[in-house]
């Protein structure tokens, strides 16, 4: 039986054992449970030091604070986790404080890093979940829920348009679909595109990839056979991981290098992205991007596979045929003060910077990048003073 006293843990031993130890002059061998307890205590202390940051009371008790680069990565990971743990009311208040623009038709929010737009397996909070609460905070308790008009990836930050009514939502969605909305993103890429300005016009299709992580999909209740109870419970099915990839219409003949037209993939979607290098340093670049079309993960795929310059922190599209952490150049790791083994924690540096909406009058919106994005620019010495 173990008794804790004054922070020390003592284990009861039989009197005979104490008598033997006293007469032999040797300590009794450490028991397995004592050793396990010591290891658990040591691991607990290490975890406390790892998790602590300068916004936590525990950080003040830690005698060995993390270096700034690792602490920022930990803060972002914790932010993403907290967004899933907080009460929906708290999340709605945070989105309201970050609102960039609102009128009688739309509300534009600054979507934070790590917040998914839609719900799904393992997702407790999403933008869609808090739309009814957010609408009431912005207007009154009788307000209709806000409507989604487009999507952003979970790790993408920046401008996101919500509509106050279904009529307004349909109008905004049509503007996006017919390419009347001007969208400008900023991204930090690994590598420098050559040429430094141009248009990527390569169709995109979904494909299977290798991954060490399990992936699942949820079957809706309606798809479950009627005599297989419970009828209303969704099920999880193993799912081969998928990602988007290029489906080019042309290729080079290996014999003579001639351009040959390829039979079009019927599942591929047309995708067009305009890009421009704003600055480059430390084997990285700051890019201005304008997606002309709106295919899933279009910017990330075009940069990674079309230009060979993936978005910094994009661990999904940094390898052609597998899901694995991104490998960074030595100079980039040095500037970020990171080891390659920690590169898997680098967040996606993709931000929806500007939107221009042709409503009754043109609405031009701007949202500066989040602090972690700006700190990375500074560390990599990417000067954006005149951008």
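Here the Cβ of each residue, glycine as well, is placed from N, Cα and C on the backbone.
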Quick test of your reading of TrEMBL: among 41-64, 65-88, where does it put region 'Disordered'?
41-64
Average the pLDDT scores across the domain 'Pseudouridine synthase RsuA/RluA-like' (106-304) and report the rounded value.
84
